[in-house]
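Taken from TrEMBL as is:
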BINDING   R197, G198, G199, K200, T318, S537  CoA binding site
BINDING   G398, E399, P400, D422, T423, F424, W425, Q426, T427, D513, R529, R540  ATP binding site
BINDING   V551, H553, V556  Mg(2+) binding site
DOMAIN    32-87  domain 'Acetyl-coenzyme A synthetase N-terminal'
DOMAIN    95-481  domain 'AMP-dependent synthetase/ligase'
DOMAIN    545-626  domain 'AMP-binding enzyme C-terminal'
MOD_RES   K626  N6-acetyllysine
Amino acid sequence: MAAIESVLNEARVFEPSAEQMARASIGGMDAYRALVDEAARDYEGFWSRLAKQHLSWHKPFTRGLDESNAPFYTWFADGQLNASYNCLDRHVEAGLGERTAIIFERDDGEVQRVSYRELLARVCRLANALRARGVRKGDRVVIYMPMSVEGVVAMQACARIGATHSVVFGGFSSKSLNERLIDAQAVAVITADEQVRGGKRLPLKSIVDEALGMGGTEAVAQVIVYQRTGGDVTWQAGRDVWLHDVVADQADTAEPEWVDAEHPLFILYTSGSTGKPKGVQHSTAGYLLWAELTMRWTFDLRPESDVFWCTADIGWITGHTYICYGPTAAGGTQVMFEGVPTYPNAGRFWEMIQRHQVTVFYTAPTAIRSLIKAADADEAIHPRRYDLSSLRILGTVGEPINPEAWIWYHEQVGGGRCPVVDTFWQTETGGHMITPLPGATPLVPGSCTLPLPGIMAAVVDETGQDVPNGQGGILVVKRPWPAMLRTVWGNPERYKSGYFPAELGGNLYLAGDGAVRNDKTGYFTIMGRIDDVLNVSGHRMGTMEIESALVAHELVAEAAVVGRPDETTGEAIVAFVVLKRSRPEGAEAKQIADQLRAWVGKEIGPIAKPRDIRFGDNLPKTRSGKIMRRLLRGLAKGEQVTQDTSTLENPAILDQLGEAI
Ligand code: PRX
């Protein structure tokens, strides 16, 4: 709460410079307001105009928004197009084939440049191979790949043949991968032998083998393996094939599959407050429109001169929209990085910005905060030791940024001259929702400022009524927008009840975050999730997911997971655990905690491992048996319990649970 207080009282305002206004694609607040007004006057016409201008259609659409089956909205539904055509062919056809699409830097520093012509050829070869091997339009292909050009090629090749990809982040465990393979009913997996991060080789193929060995994945007929390291892999003849073998004799051209605007481009699993991760399903046209447009609006991308770098992984939505689809749809040049920000030292980002003359840089607050610490500790890797003069715009995403980190980023990285765009959005929203526009929006550290034109964001109370500015509430979006998710894969009911809850009237999109608008400027400040979703280093995780992983361990009787504010990672996971046996103490407690952490790493993935595990004889419950999470959150922060605990069945356990191991 202290962090939110400091944001709400933030008095520093950074106005755009005249030069920024002059060059920006939406220069100045008047231009911004004109677009906002256009959307308010003729909502459907506004979006249709943009969809015609920014996408290349095989068959033009004749209608914009269809709300007849709300909340299953459709956009541009009778139009046809292909995402990979829009990202690649149209630039090559426009004579831009020699432009660099991707500057790929490996973990060890080796650099590869891939032109649009080359990228298109590689996508076509894999598209042909997939077709030859029986993958058809509408089939689901799971991609479990390292950060690599091949990862982007795999995604675009699926899009080219109309197969729906589902990228699973390379840090998820075999169990998580298995669950996603089953839920998506995937027919093929594209993976790599190993990935390389921070000088270490980490397995991928063997995890795929394990995931397929767990069963339920009989539909997976083939595993295509990109050879990244040449490390040992076990091979199942008939199922496993090398990527370089299957593309070897394929042609460089492949006719795109023209799909309907609403055809599912991809499914991406994300955590919710209940149950298993859900497959967020995105459309082709609406999604791609927003990927392209936000590149131009939020990042003011000049494809002919900018070098864009988004440091996200392709396994997350940010890597989908701002690596695979947005920069390419806009015809820009981007840096893509295999490794981690701290290898060989914590100056790696700054060194790479200098080396590749990056102009627009997009990263997560967690990375900034850890690099601040590193720079404070070692002057040799401080950003001021690098030439960062190429930078002109900085962005952040994934979690709230505290004003101190914002100011450091602005001054130390951006030299005080680059606007910082704090972009609020979600897996479900497809692209940016609330964000400053460089050259237009006056910036306030810690606030994501105002919604993009066409995004009808608002703050409401529990009944769906608007709350006055200055008063906190629930963040909603009042009108369907083209890039929004279309459904939860295989679970339309969960889509409907989860995102358009009846309590709010059934027609407001519920983001799941709390927000407050400044009473003078109307600027939004995001106050964090209002459900049981944690945000650790910008990674989204459900407390229920971690709890079910813990109780699946043979020693565990009961578990409750909460978040604790953390200076670097935003939130840290704290688990309160009751064992089936007596409460462990001392060295034994530590040993069991380590065992449970490793277990969660296996069940979900290393990112879900609790930072802190505490054991009690019981959990604090009300007489009616409800776990008192608010109390646990206080204990996790090391606070003294001041609230009334008279309803607690057994107040004595609070002392046990307050004790860190
Ligand atoms: O809580 C919000 C937070 O991240 C959540 C979405 O997570 P995910 O779907 O994984 O997407 C992350 C990348 C878009 C949101 O519900 N969040 C995201 N961006 C911001 C943010 N919180 C505050 N400020 C942001 N800029």
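Every residue gets a Cβ built from N, Cα and C, even glycine.
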For K200 (CoA binding site), which DSSP three-state class applies?
strand
If you check the binding-site residues K200, W425, S537, H553 one by one, which have a CB less than 6 Å away from any atom of ligand 1?
W425
Residue among recorded positions R197, T318, P400, K626 with least C-beta crowding, 10 angstrom cut-off:
K626
What three-state secondary structure does DSSP assign to P400 (ATP binding site)?
coil
T427 (ATP binding site): which of the recorded positions G199, K200, S537, K626 is the nearest Cα neighbour?
S537
Tell me which of the recorded positions G199, T318, S537, V556, K626 ends up closest to T423 (ATP binding site) in space, Cα to Cα.
T318
Fewest Cβ neighbours within 10 Å, where candidates are the binding-site residues G198, T423, H553:
G198
Secondary-structure category, per DSSP, in which T318 (CoA binding site) falls:
helix
Roughly how many Å lie between the Cα atoms of R197 (CoA binding site) and V551 (Mg(2+) binding site), rounded to a whole value?
31
Provide, as an integer number of angstrom, the distance between the C-alpha atoms of V556 (Mg(2+) binding site) and T318 (CoA binding site).
35
